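Down below is the structure, laid out as structure tokens.
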């Protein structure tokens, strides 16, 4: 099974920079003029120093991908870490005056077995082999497509580009400050928010033919007094064999949260509102297998 070789950042950052940029310079599209090369070098150095400070380690291929986004002028600079989890790290970056979120999947710690389960049931993808590289690239491509589709229908960040295990999307926040999660909000009009969220779930299902798959108060941000759905990595199309079990779980999560806010909510009613159908007991039983 092919796999990326995880290489820690060198103690001498200059050596690391030299090696990575030497590899980049071998590619024709990254033949940069001297001044821009110098500018990029300083940004790369700061990025590596920030990674070292945060005890973040990426394999060489991932660093090459991140640096190529600077060299190719897809991004202006990386600013800092927004969120760090077991399977992915989200960075804040800029593209000119616009902020971007850069999601980097950790090659060494991703749950490839779970990823395969979600990808293989999606008719948009046909994995003939199951190498780690193919799986993670398909996973990023799937999230990219899901975001593109969702952002046309509901409040969700627009995906800008994807490259290997890296996904670039719009940053949800205020002047570079991340928007708060729904779980951290106080004194909102909870009835209003529940109504907007259930309408968004319905539109996503009917118009986008998508099920979020991991929807909860943790994956909904609040910006301009509106909910914004994020993290579409587990989202599936409605034809996927796990679509309805995942939708039931989403309905349970949302109703559990809003009931704590004293909003009258029943997950079976929410599911019927979204799909127009009663819950199939077989689908509900499958939740335990997710």
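Placed from the backbone N, Cα and C atoms, the Cβ positions cover glycine too.
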Binding-site annotation, Swiss-Prot, ATP: partner of 82, 83, 84, 85, 86, 87, 88, 89, 90 in 73, 97, 103: 103
Neighbouring C-beta atoms (10 Å sphere around the C-beta of residue 84 (ATP binding site)): 14
Alpha-carbon spacing, residue 84 (ATP binding site) to residue 214 (active site, proton acceptor), which is rounded to whole Å: 18
Which of 214, 231, the listed active-site residues, has fewest other Cβ atoms within 10 Å: 214
Cα distance (Å, whole number) from residue 90 (ATP binding site) to residue 214 (active site, proton acceptor): 17
